[in-house]
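Annotated features, as they stand in TrEMBL:
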- CYS25, CYS28, CYS41, CYS44: Zn(2+) binding site (BINDING)
Amino acid sequence: MATKAQQAKTFVHKPKYSTRTVNRCWKCGRKHGYMRKFGLCRICFRELANQGMIPGVKKSSW
């Protein structure tokens with residue numbers, strides 16, 4: 001199924017069972033590597049964090 005169609009199908013209705021919900025990145029629609037706190041996949045999170053678009057997130061160094 002095409003990416004846009006898959007996203008549309010995911011967000012249209014609530015599934016019959018709660019375990020069938022698929023969390024997707026709101027930016028690209030990716031379902032793997034999803035971070036609940038931000039609603040993003042790891043790739044989009046890294047891009048936005050490096051640009052300084054996510055408040056309170058900075059690159060760690062020790």
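Cβ atoms are placed via backbone N, Cα and C, with glycine included.
All features noted in TrEMBL, drawn onto the structure.
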residue : record              : Cβ neighbours (10 Å)
CYS25   : Zn(2+) binding site : 21
CYS28   : Zn(2+) binding site : 13
CYS41   : Zn(2+) binding site : 22
CYS44   : Zn(2+) binding site : 20
Secondary structure at CYS25 (Zn(2+) binding site), reduced by DSSP to three states: coil
Other same-chain residues whose Cβ falls within 8 Å of the Cβ centroid of CYS25, CYS28, CYS41, CYS44, the recorded Zn(2+) site, in sequence order: ARG24, TRP26, LYS27, GLY29, ARG30, GLY33, TYR34, LEU40, ARG42, ILE43, PHE45
